[in-house]
Each structure stands twice: as C-alpha cells, then as structure tokens.
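To start, the structure under review is shown below, and the notes come after it.
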Amino acid sequence: MLIISDLLDASEVAAYREALTRAQWQDGLATAGSVSQSVKQNEQVASQCELGQALADKLRQRLSQHPLFISAALPQSILRPRFNRYRNNGHYGLHIDSAIMASDDGKGLFRSDLSATLFLSDPDSYSGGELSIDTGFGVQEVKLPAGSLVLYATSRWHQVEPVTAGERVAAICWIQSLVAADTQRELLFDLDQSIQRLQQLAEARAEHRQLTGVYNNLLRQWAIT
Ligand SMILES: O=C(O)CCC(=O)C(=O)O
Ligand SMILES: [Fe+2]
C-alpha cells in the first residue's frame with residue numbers, strides 16, 4: 001500500500017468537485033458484478049457522461065506522469081477512472097474486485113493488478129467512509145486529505161465504511177501493471193527508490209550504474225507486455 005500525497009492541490013480539487021456537480025450520476029449498482037450487488041450502495045458518474053469522461057481522462061493523464069506512481073505501479077495501462085459518491089449511509093461491503101475487466105473501448109480485456117482511490121472530500125466534512133484494506137498484516141483504515149491517493153494491490157479484500165454524515169466523493173481507478181506479481185513489483189519499487197537515492201551521491205556512480213543494470217534485467221525477466 002502506498003500513499004501519494006497531494007496528487008492534486010486544493011484549487012484542482014475544488015475544480016473537480018465543482019465540475020462533478022454537473023455530471024450525470026447513477027446508482028452504483030449499474031456496474032456491480034454478481035457478488036458485489038449485495039454489498040454495494042453508492043452512486044457513480046455514468047460511464048457515457050461526456051463531462052465525466054473528460055474529467056477522468058485529465059486525471060488519468062496527471063496520475064500517469066507522477067514519478068512515484070510510475071515507480072510503484074509500472075503501469076502498462078490505466079483504466080479510465082470512475083468518480084463515486086457515498087452519502088446517507090452509503091457503503092461498499094467487503095469484496096475483492098474483478099480480476100478481468102472490459103477495456104475502455106469495450107473491445108479488449110484488462111487485468112486489474114492495482115487499485116487506487118483519490119479522495120476528493122475534506123475528511124472533516126463527512127463521518128465514516130474509511131477505505132479499509134486487509135493488507136495481510138492487519139486491516140488498514142485509510143481516510144486521506146482531499147487530493148491524496150492510495151494505491152493498493154487489487155488482490156486485497158477491502159470495503160468502504162458507511163458514510164453516516166456528509167458526503168464522500170472520490171475517484172477510483174484500476175491499473176494493469178507490466179509486472180503482475182505484487183512481490184516482484186514491490187521488489188522493483190524498493191530497488192528503484194534506492195537507485196534514485198544513489199543517483200544523488202557523486203561517490204556512488206559505479207554502484208548506481210550496476211544496480212540500474214540489475215533493475216533493468218529483473219524488469220526484463222518479469223515484465224509482461
Ligand atoms: O471508493 C473507494 O475507495 C473504493 C470503492 C471500491 O472498492 C470499488 O468501487 O470497487
Ligand atoms: Fe473495490
């Protein structure tokens with residue numbers, strides 16, 4: 001699990017929130033699978049809403065350029081983000097997201113390796129609404145400032161706690177990674193972060209060069225294109 005703080009600044013968050021009031025919202029059940037139907041109670045922007053598509057594409061563009069996101073996710077493709085809203089006890093009970101989804105044009109298939117939630121509501125403006133993720137080493141409750149994003153493995157059980165006051169607006173998104181296995185991708189992330197720190201040290205040129213080679217050779221073995 002990784003938190004990317006301040007993907008958007010306050011004025012960008014405000015602009016997304018304002019634009020979203022003009023989008024076409026629908027019951028979240030429209031896209032719920034057979035299992036999630038019984039646990040999902042929220043609203044989302046309709047996939048055919050042109051304003052929603054434009055906002056989502058702009059957000060995807062921003063995410064795809066973020067250095068920490070690239071290092072951690074090694075994205076091959078990013079599904080168009082979806083905006084959702086929880087209020088009046090809206091929640092999404094314990095579930096695991098579908099492994100295979102339709103690509104944006106509906107013609108291809110997409111494997112979900114990573115999930116992301118971008119929080120768009122000030123955490124003090126609503127009660128509940130934590131995204132709780134079973135990390136395998138205990139459950140983490142995530143409720144971030146507006147503009148911050150959490151990235152986590154789609155293989156994890158997770159839920160959105162009921163929103164008992166106010167409203168929680170967020171964007172969610174799935175990523176197909178070049179490296180499908182979480183363990184391998186996480187090793188590459190740690191290695192890349194160390195390599196980036198070594199790059200700052202003039203006396204570590206040789207080590208930087210060698211580890212960059214190791215990184216590329218591991219990525220070559222593990223990447224699926
Ligand atoms: O809104 C969230 O943070 C996550 C929602 C979710 O789990 C889903 O739509 O599959
Ligand atoms: Fe989910």
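Cβ atoms here come from the backbone N, Cα and C positions, even for glycine.
Among the ranges 98-128, 129-159, 191-221, the stretch that TrEMBL annotates as coiled coil is 191-221. By neighbour count, meaning other C-beta atoms within 10 Å, the densest spot among the binding-site residues H95, H158, R168 is R168. Taken through DSSP, the domain 'Fe2OG dioxygenase' (77-177) splits into 3 helix, 55 strand, 43 coil. A sphere of 10 angstroms centred on the C-beta of D97 (Fe cation binding site) encloses 15 other C-beta atoms. Each residue contributes its Cα atom, and for H95 (Fe cation binding site) and R168 (2-oxoglutarate binding site) these two points are 19 Å apart.
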